[in-house]
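J.: Can you keep this structure in mind? I'll have questions shortly.
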Amino acid sequence: MELLVRYLERSNSIGSEMTQDTVTEEKLRDDLMYYFMSPCEKYRARRHLPWKMGVQILKIIMITTQLVLFGLNNQLVVAYKEENSMAFKNLFLKDYSGVDEDDYSVAVYSQQGVYDSVFYVLDQYNQFSRLSTGPITYAEDEDGNLLPLAICKEYYKKGSVNPTGEAFDIDAQLEKVCMSHYPHNPLLHNSSFFDLDFYRLVNIKITFELKGINLQTVRTRELPDCYSFHVTITFDNQGHSGIVKIFLDIAAQSSACRDWKISGTVQKNTHYLLIFDGFVILVCLTSAVLCTRSIVLAVRLLQRFTRFLRETSDRSVCEEDQGEFLNGWYVLVIVSDLLAIIGSILKMEIQAKNLTTYDVCSIFLGTATLLVWVGVIRYLGYFQKYNLLILTMKAAFPKVLRFCCCAGMIYLGYTFCGWIVLGPYHEKFEGLSLVAECLFSLLNGDDMFTTFAQLKDKNTLVWLFSRAYLYSFISLFIYMVLSLFIALITDSYETIKNYQKNGFPLTDLQQFLREPKRFPVVDDDTRTDVQVTSSTLCCSCFYCQRVPENDDIMLIS
C-alpha cells in the first residue's frame, strides 16, 4: 500500500511538469532498464513470458539428448574399425605380439625374416575367407570378379655399396615395380620379383581391399553399414639401419548396403530419430531468430542513447558502454545454434545412409553442446552469488592474456631447445607437439620422475644438459610463472569482492539508469498498478555492476 501511495504522489508531481523531452528521456530509460533486466524481472515488470529462456532450456535438453544418442552410435562405429584393425594385424603380420612397438607394428632384422613376412601375408590372404571370424571377405568389381592383391617394391635405380672400402655409388632416383596376386592362386615363391637387393630396397607395399558389414548396430535398432577396408602393409627400409619396420594401415569407408532385408523395428526407429533431429533444427532456428532480434534491438537502443547523450551533454558513448549493447552471450548462442543445425543435418544424412562423416558430425554436435552449456552461465549471472565467477573471469582475462603471451615466449623457447637437443635421446622429445605436451605435463607436476629417468645416459654431455634444462624449466614455471598466474586471478577476485561490498564505479549509462524511475507492474492481490523497485524483484539485477581493470571499466549485464 505504501508503494501505491508513493506511486500516486510521484505521478501527480510528474504529470504537471511533464514535457516532450522528459517523456522521451523517460521512455528511453524505461527501454534501457527493461533490456538489461533478467527474465524474471521482465516478467514482473510487464508480464512478458521469458520465451527466450524457455527455448534455451528446451534446446539444452534436446541437444544433449541428441549428442548422447549419436555418441553411442559413433562409439560402435569407432570400436568396429579399431577391432577390425587389431584383427587384421593378428591375421596378416607374422609374429605380431598384440602391441605396437613405438610407431610400427612389427620389426624384422634379417633378410629371411623379410621374405617370411611377405610370404606370410600372401598366404594368409589366400586363406582369409576361412580364417576370419567376422562377416568380412574379398572385394569384387562391378562384374563380380575378385579384386587382386597388389604388391609393389621401390628401390634405388642403381648403385653399389662397399662398407669395407668406405665407398658407395647410388642413383637417388627411385624405381617402382608391381605385381598382382589373385585370391586362391598358388604363390610363386621363385618369381624373380622377390629377388631383393636390400642395399637398394626402400620399401615394399602390399595393398588389397576387403568388404564387411557392421552387424552390431542392429542392437541399437539401426540399419547396419557396409564397409570397404583398404589395407596397406608397408615394409619400411628407408633407414637402411638393419631393421625393417612393418606397418599396417587401414582406410575404412562405410556406405549404405545395396541389398538388405531385416525384420523388426529398425526402420521405424530411424524415422523417429529423423523427426527428433528435425525438431532440434526447428528449436535452434527459433533460438537464433530470438537472439538476432535481441541484437538488433540492442543496436537500436545504442543509437537512441548515443543521440540522447549528444543532444543533452554533447558527448559520445564511451567504449565500455558501447560494449554493453553488444552482448557476447547472444553471439555465443547464435554460433552454437548454427553448429547444432549443421551437425543435425549431417546426423540426418548419416542416418539416411547418404553420408559417412561421423567424425565431422561429432565435432559440430560436440562443440554446439559445449557452447550451449557454457551459455547457461548467462542466466546464473543474474544472481549475485553465482555472478562472482563471471565478474572475476572478465576482470582477470585481459591481464591473464597478456601474462600468457609473455610466458608463452619462454615456453616456446624451451620447446624448441628440448626438441633439437633431447629429441634423439628421449621419446617424449621426438617431435615439437610431443615436447609441448611433455612440458605442459611437467608444468602441472605430472610424470616428473619418468621424464628424468627415461633419458638415455649414453651421452654424458646431453645428460648433463637435460638435468639443467628440466630443473630450470620446472623451477621457473612451477614456482614463478604458475604462482604469478594464480596471483593475477586471486587479485581480480579480491577486487570484485571489494566492489561488491563498496559499490562499482559508474559510467554514463549506469548513471542514467540509476536516476529515480520505477516500472509499473500489476499487483496480484489488488490488480492495481504499483511501483516496484529493483529490490522487490525476484532476481537481483546486476546491469549496473562494473569490473574495473586498471583504468578500464567493464560492465556485465
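Keep in mind that glycine also has a Cβ here, set from the backbone N, Cα and C atoms.
Just so you know, TrEMBL annotations never went through curation; they're auto-generated.
OK, TrEMBL features for this one:
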- 77-258: domain 'Mucolipin extracytosolic' (DOMAIN)
- 272-302: transmembrane segment (TRANSMEM)
- 323-345: transmembrane segment (TRANSMEM)
- 357-380: transmembrane segment (TRANSMEM)
- 360-496: domain 'Polycystin cation channel PKD1/PKD2' (DOMAIN)
- 400-422: transmembrane segment (TRANSMEM)
- 468-489: transmembrane segment (TRANSMEM)
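Are these features on the surface or tucked inside, and what are their neighbours?
T.: Residues belonging to the domain 'Mucolipin extracytosolic' (77-258) score a mean pLDDT of 85 in the model.
Residues 31-32, 35, 51-52, 55-56, 58-59, 62-63, 65-66, 69, 317, 322, 325-327, 330-331, 333-334, 337-338, 340-341, 344-345, 347-348, 351-352 of the same chain lie 6+ residues outside the transmembrane segment (272-302) yet bring a C-beta within less than 8 angstroms of a C-beta in it.
When Cβ-Cβ distances below 8 Å are used as the criterion, the transmembrane segment (323-345) is approached by residues 36, 56, 59, 63, 66, 277-278, 280-281, 284-285, 287-288, 291-292, 294-295, 298-299, 301-302, 361, 364-365, 367-369, 371-372, 374-375, 378, 509, 543, 554-555, 557 of the same chain, each at least six residues removed from its ends.
Under 8 Å from some Cβ of the transmembrane segment (400-422) lie the Cβ atoms of residues 429, 431-432, 435-436, 438-439, 455, 462, 465-466, 469, 473, 476-477, 481, 484-485, 488-489, all in the same chain and six or more residues away from its ends.
Outside the transmembrane segment (468-489) by six or more residues, the chain places 392, 396, 399-400, 403-404, 407, 410-411, 414, 417-418, 421-422, 439, 442-443, 445, 448, 451-452 with a CB less than 8 A from a CB of the stretch.
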J.: Where else in the chain does the transmembrane segment (357-380) make close Cβ contacts, counting only residues six or more beyond its ends and a cut-off under 8 Å?
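T.: Here the qualifying positions are 38-39, 53, 56, 59-60, 63-64, 66-67, 70-71, 74, 77-78, 329, 332-333, 335-337, 339-340, 342-344, 346-347, 350, 386-387, 389-390.
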J.: Per DSSP, what is the residue tally for the domain 'Polycystin cation channel PKD1/PKD2' (360-496) in helix, strand and coil?
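T.: Breakdown, helix to coil: 118 helix, 0 strand, 19 coil.
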